[in-house]
Amino acid sequence: MSDEASAITSYEKFLTPEEPFPLLGPPRGVGTCPSEEPGCLDISDFGCQLSSCHRTDPLHRFHTNRWNLTSCGTSVASSEGSEELFSSVSVGDQDDCYSLLDDQDFTSFDLFPEGSVCSDVSSSISTYWDWSDSEFEWQLPGSDIASGSDVLSDVIPSIPSSPCLLPKKKNKHRNLDELPWSAMTNDEQVEYIEYLSRKVSTEMGLREQLDIIKIIDPSAQISPTDSEFIIELNCLTDEKLKQVRNYIKEHSPRQRPAREAWKRSNFSCASTSGVSGASASASSSSASMVSSASSSGSSVGNSASNSSANMSRAHSDSNLSASAAERIRDSKKRSKQRKLQQKAFRKRQLKEQRQARKERLSGLFLNEEVLSLKVTEEDHEADVDVLM
């Protein structure tokens, strides 16, 4: 009897406001409903069972913009006709949207048969979307939608993915000798200044260091007691750095040995002129002695007089060569002492610069004040009368 009553049920408007929980059922044969519970709907066209269908409360909707999720327009054939299945996410107040999800119980719907395009798309959507935190509303519009829509563009939402963590490219070490001052970063400027100061202080003399200081800061005041010069970063420019590089190239250690060899050759020519003259006179005297000895057979008296004269000349020349050799030894000794003094001074200067750099980097001596005191002793010639 109940089957006949369900079969005689007339067409009812789908989810009308007057009947919030109508009995849904299109005209079909008797016994098609698998269960006798009220509100149960067997829709073979959609392949799903609805636990309850009710009108969505407009106050329950979120009035914020959410991601648009639209499935492809899939034509579902039925015995009575064909209706287009359309699903979307509500983005405002839409009175035509009806919720197929119960507020208390979540029912899993099998709207798409396994193996179809929409089944694959729905599985891909489930991986992109958290269904438990979203409020989806399904629509059944009356107008037909073209079934030739783009599946991927309609179904898959444009969900912002997390940015890929690309490995940071390591900055290649640039050749600072070829970069202008303005193209360097702060770290590169500090590194290059330390490199220049170390190169100049270790490979160049005092005169070259003073010239470079004048190039960097022409108004710098340097006293004879100063042992260091601090280079400020704002003093250097591209033009000054270019001049410093050219000066270092001109006075580099590769060029210095040639100049020193040239100076040494001139000095040796000037200092050993007496030695060469002495050696030449000695050789001439020895030759004259040999010639006089060879000619002794012809004239004995002449050879005796010549040999005595040549011996006296050779003795004076030997004294001259000894004094010249002594002068050379003295000059070599003085040059060696001068080199040792320069080496010790350079070593002490490097040590002071290293200590000053450590103090500057530590920051412990920023507020240091150096006071110079001068004590003058007065000569007390007269006795001081204490009793007065």
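Using the three backbone atoms N, Cα and C, a Cβ is placed for every residue, glycine included.
Record note: of SER79, SER119, SER294, SER316, Swiss-Prot gives the feature phosphoserine to SER316, with no matching annotation on the rest. Of the listed residues (SER124, SER143, SER321), Swiss-Prot tags SER321 with phosphoserine; the rest carry no such note in the record, though that does not show they lack it. In the compositional bias 'Basic residues' (330-349), the DSSP tally of helix, strand and coil residues is 20 helix, 0 strand, 0 coil.
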